[in-house]
Structure formats: C-alpha cells, structure tokens
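K.L.:
Quick one: structure below, then a few questions.
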Amino acid sequence: MAAAAARVVLLPAARRRLWGFSESLLIRGAAGRSSYFGENRLRSTQAATQVVLNVPETRVTCLESGLRVASEDSGLSTCTVGLWIDAGSRYENEKNNGTAHFLEHMAFKGTKKRSQLDLELEIENMGAHLNAYTSREQTVYYAKAFSKDLPRAVEILADIIQNSTLGEAEIERERGVILREMQEVETNLQEVVFDYLHATAYQNTALGRTILGPTENIKSISRKDLVDYITTHYKGPRIVLAAAGGVSHDELLDLAKFHFGDSLCTHKGEIPALPPCKFTGSEIRVRDDKMPLAHLAIAVEAVGWAHPDTICLMVANTLIGNWDRSFGGGMNLSSKLAQLTCHGNLCHSFQSFNTSYTDTGLWGLYMVCEPSTVADMLHVVQKEWMRLCTSVTESEVARARNLLKTNMLLQLDGSTPICEDIGRQMLCYNRRIPIPELEARIDAVNAETIREVCTKYIYNRSPAIAAVGPIEQLPDFKQICSNMCWLRD
C-alpha cells in the first residue's frame, strides 16, 4: 500500500495492434495497389480495421450525485473494479500533510459492518485481491475478482470509503506502520531524489510536499483529521467508479445507484479549484561522500495532462529514453544519449521522465553516476536536450513515435491496467481517449514539432535539480543554467 504514481492500463484486443498505425493510415496505405500481394494486403488491412473497431467501447454514465460510472466489457472471467478519487497530497496543507496516505492505510482496518478479520476473510474466500494507493493528486481503492463477484466487490468498496470505523487503536497501530514505511522509503534513493526534486521545483506549494507527510504530522494525525478529509474531498463529482474485464455496464450502474446513489453528497456550488503550484528553477544538494554513487535528477517545467503539448513532450521523453548497464546494444541503441553514455562509460543508469499533474508537470532525467563522471554525464544530457531543440531528425522522431505507441499498448494488458487507465483518464480528461485518436495525435508529431516544443520548454529555461551522494564534481547551479541555452564542447 505504499504511495505510488498512477499507472496506465489496456486490454487483449489492443495487443493485436502493436504495429501502431491508425486506421486511416492503414486503409490509405493499401489503397491503389492492384497486384496480387496488394490485394492480400488490402484484405489484411480490412481485417485489422475490424479488430480496431471491435475494441470494447468504454461506456460512461454520470449519476445525479456527480459520481461517474465508466466501464469496458471485454468478456473475461475476471474483472477489476475501483474508485478513483480526485484527492491526494496536493489537497492537503502543511498541518494535515500525510492525511490522504494515512486514510489509504486505514481503508482495510474494519467498517461498521465488517471487522478487519471479517473483511480479510471475505476477500480471501472470494479469491479476490484488494488494494489501494495514493499519489499527489489521486487516491485509489480497487479490487480484482471473478466477474460473478462484481456485486460483492462494489459493495465492499462502497463500505470501505463510506463506513470505515477509523478506530483509535487501529490509528495508533497504523501510525507505527507508516513510520516504518517512511524509513523504507528513505533507503530508496530514487524516491528520495524525486521528493527533493518536487520540494525544490514546487517549493512552498502543495506539490512540493511528500505523499507520506513529515514525521511530526504522522505522529499527530488524529481521527478528526481523517474524518474531515473524507467529508471535504470524498464528494460525488470527484469520484469515478471504473471497471474493466467481464463487467456489464448496466449492472455496474445499478450497483452504483444502490450503494452510492443517496450517500455521496456534492459540493455546494462549483468544485473548489486547486491553487496553482508555481515552478521555481532551483536546486537541492545533499552531499554524502560515504555513498558509492551519485543520484541526480534534473527537470524543467512541463505541462498538465490536458495541455496540447503533452503528446509532443511524451515523444521527446521517448527520444531521450533510458539505459542501464545491463542493457545490450551499445552503439546500436536507438537513443542517442544511450549511445553516448555507453561509449563514454558515463553512468550506471539513466531514466527520462515526463510527470504530469492537472496544470503543470516535470520533464527531465534521473541518473546514477560514479562521482568522477557526474559533470561529464550532465554535460552530455544537456547537450542532447539542446539537440532536441535544434537538430533532431525525422527518422529519430518516427522511431520514438512507434516505440511510444508500442509501450502504450503493452501497458494496457489485463483488466487491472485497463481499469486504471479508465479511472485516471476520467479524472484527467473527463473521458476515455480512444486508442486510434491517441495514436493519431502521436503520429502528428514530427521533427519540426519536437524542435518547437522543446525550444519552448527546455531552451534557456532554469531547471530544478536534486542531487544526493558524492556530488562534489557537480557543476554549480549558475553553470548548469547557462548550459540550458549554449554549450561549449
């Protein structure tokens, strides 16, 4: 139940489209060929188009309370159903930071109808799995079960978020569990670096706070804090009941009306708007020469989920790619940065990232280096960023587009990832974006678009930097900023 970022999901029918072309391109590409092989290709294209059209529809219904019910029926014998709530650590303040994550821990500790033991036995006897996670903007509770047990799964989820007892004894017990979890997180240097990155990039704002909250808050959060958070944020318009697998939308809708129809209240007036989180180019350095490797993240401000430039930044992120010493390929890797890194033995690993929130985001790279190669690796990274702004080629962009589409489809394999994709997209876009539409938007990105968008968000922009470990060789912040617009070899 550790804090996690929201994931994406898809389904078996989509796996048949790993080539990644849109319908229109497939049909247009086959048209005009009159040879025997051309006719065969045309028949194959028509069959492939039917596969695309047979992808199950995502049905969406909004109840009077504002609760959105969304589902995709793929006829499987299992299903995943969950509640996606527009409430995470960003909705907290300094005093109650950590409450959303604390609530996630309390979800399975008993309700007015079920003790913790009863809840665990019921889930086990169903052969189901019950889980939850918290991110900076969302809280999720979901269950994976047999399709025939969908009614019981929905009833249990409704019971958990509406009738949790939040007993004092359980609160004290979970307080200790969360403190131990915090100790585990502090040993994961990647999580530590990303928390530092948010803290410096969004300093003095809600996104700058951690999901778990500070130790003093964990020790002081009370039952009243938990109840107040539920009362304030668990409102109908901010909740999505999503399901995928062997689910009937009509049945799910009836279950939603029965279990949530009259109990979820709405906001008086408009849903409260999130205060903006201002990005600040800055740095955090935690030097520890006893550590064997330096861990560093550098990022510029990106855009929110619904921004038109999001897709282009996703392609740019794929262009940079990721690399680890365990990878093969060497100079034959598709990522130019991976080639340079491998050839120069500059780092142990690097991973590009594009983290989006409602109205802002972070686009950057995380790397793990030897102390002596930190400066050289950062220099190569920034040089590659500048190349995206000036001279990226069409062949590179085409390869990145195909890789992005493939990865996108591979992540949507099974009812759980599909359900997560539905829930997340309903909160972010208030709709499920069809795969052909998403592929068409990716295919619209070319080298010129990459250069324009990267110049807009990367060139001459002040980055946020978080570095931990033996970082004596890391250039000063002024030098790093100057390399965002001009580099001397």
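Just so you know, glycine gets a Cβ as well, placed from its N, Cα and C.
For reference, Swiss-Prot lists these features for the protein:
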type     : residues               : note
TRANSIT  : 1-45                   : transit peptide
BINDING  : His101, His105, Glu181 : Zn(2+) binding site
ACT_SITE : Glu104                 : active site, proton acceptor
K.L.:
Report the member of His101, His105 (the binding-site residues) whose C-beta atom has the most other C-beta atoms within 10 angstroms.
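P.N.:
By the 10 Å Cβ neighbour count, His101 comes out on top.
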K.L.:
Across all chains shown, how many C-beta atoms besides its own are within 10 angstroms of the C-beta of the residue listed as 'active site, proton acceptor'?
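P.N.:
I count 23 other Cβ atoms within 10 Å of it.
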K.L.:
Around Glu181 (Zn(2+) binding site), how many other C-beta atoms are within 10 angstroms of its C-beta?
P.N.:
18
K.L.:
In the three-state scheme derived from DSSP, which category covers His105 (Zn(2+) binding site)?
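P.N.:
The residue in question, His105 (Zn(2+) binding site), is helix (DSSP, three-state).
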K.L.:
Fill in the CA-CA distance, Glu104 (active site, proton acceptor) to Glu181 (Zn(2+) binding site), as an integer in Å.
P.N.:
13
